[in-house]
Amino acid sequence: MNHQAKLIFTSSLLLGSTITISSNHWIMAWTGLEINTLAILPLISKSHHPRAIEAATKYFLVQAAASALLLFSSMTNAWHTGQWDITQLTCPTSCVILTAAIAMKLGLAPFHFWFPEVMQGCSITTGLLLSTAMKFPPMTLLYMTSQSLNPSMLTTMALLSVALGGWMGLNQTQTRKILAFSSISHLGWMAVVIAYSPKLALLNFYLYVVMTAAVFLALNTIKTLNLSTLMTTWAKTPALSAMLMLTLLSLAGLPPLTGFLPKWLIIQELVNQEMAPTATIIALMSLLGLFFYLRLAYCATITLPPHTTNHMKQWYTNKPTNTSVAILMTLSIFLLPISPMLRTIV
């Protein structure tokens, strides 16, 4: 794909996201989501590999179905209330359909099945876009309609997402699939709290984007697609591998790293809402995800593989680490001390 085409598709992604985020009318929000979907499809299928074409087809079908549901939900609400304003979602049927539509857009369980398959079929950079930028417009719609949505439905979907994200990631060996299940699990944490504290859910989303971007860019730097290759990268970039280990542990939510902050605040908010059993269940289920993060961290920093691999040992490189990777990794590890300031915001 040439640079002009990449520029057009990237500009369309920015345009679609901006239209959705800044709109108050359902039709404009839907238009922005459609522009986003059409702009990302060529980026998914650019390698012309059968798996990439399959991933693009699956992505198109799921996103088209979700967009149709979103449009149907807004039309039903307009039929009942005469309002096309996003914040005026009052019809209960529309609320349920919209929750299902946004869950499909985001990859929230039980509408998550397409996401790992699409991630596996695209490149690491496109996977980064799918895990971060493409989730921002649906998250914005969820934020704007959070007061109208059914908390019980969101809590059920959230617990299911955290459970399935942890369980299904346990036996994976492909890094992109592991990060896809990690994304599903993190979305569960956002969904469980968005009805009670939307700002806290957005804070969680921002920190998730920072940590996930750091991991994706590090994996892109060391050109790693599976765990067996990850085991041999210690000799190539020891400093980056050590930082990758800390970033993965931060993504798992271990103190005293950045990833602990949103989990801590969400559990505190759930307890304040008299939802201590839900907080206990979601915290215990996140231990499933901790296992595969620890396995990734172990593979990233191992110096002697426990079994022979088919991959050649890589030479040490003197190339400096990309500045963006360094900044994102620093933010992913050291943001916990500013939690009092963040607490005043949310």
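Cβ atoms are placed via backbone N, Cα and C, with glycine included.
TrEMBL annotations:
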type	residues	note
DOMAIN	23-286	domain 'NADH:quinone oxidoreductase/Mrp antiporter transmembrane'
TRANSMEM	56-76	transmembrane segment
TRANSMEM	96-115	transmembrane segment
TRANSMEM	152-171	transmembrane segment
TRANSMEM	178-197	transmembrane segment
TRANSMEM	203-222	transmembrane segment
TRANSMEM	242-261	transmembrane segment
TRANSMEM	281-304	transmembrane segment
DOMAIN	290-342	domain 'NADH dehydrogenase subunit 2 C-terminal'
TRANSMEM	325-342	transmembrane segment
Folded-back contacts onto the transmembrane segment (281-304), same chain, C-beta under 8 angstroms, at least six residues removed: 158-159, 162-163, 165-167, 169-170, 172, 175, 178, 181-182, 185, 188-189, 192, 227, 230-231, 233-234, 241-242, 244-245, 248-249, 251-254, 263, 267, 270
The transmembrane segment (178-197) and the transmembrane segment (325-342) contact flag, 3+ Cβ pairs under 8 angstroms: no
Mean per-residue pLDDT computed across the domain 'NADH dehydrogenase subunit 2 C-terminal' (290-342): 75
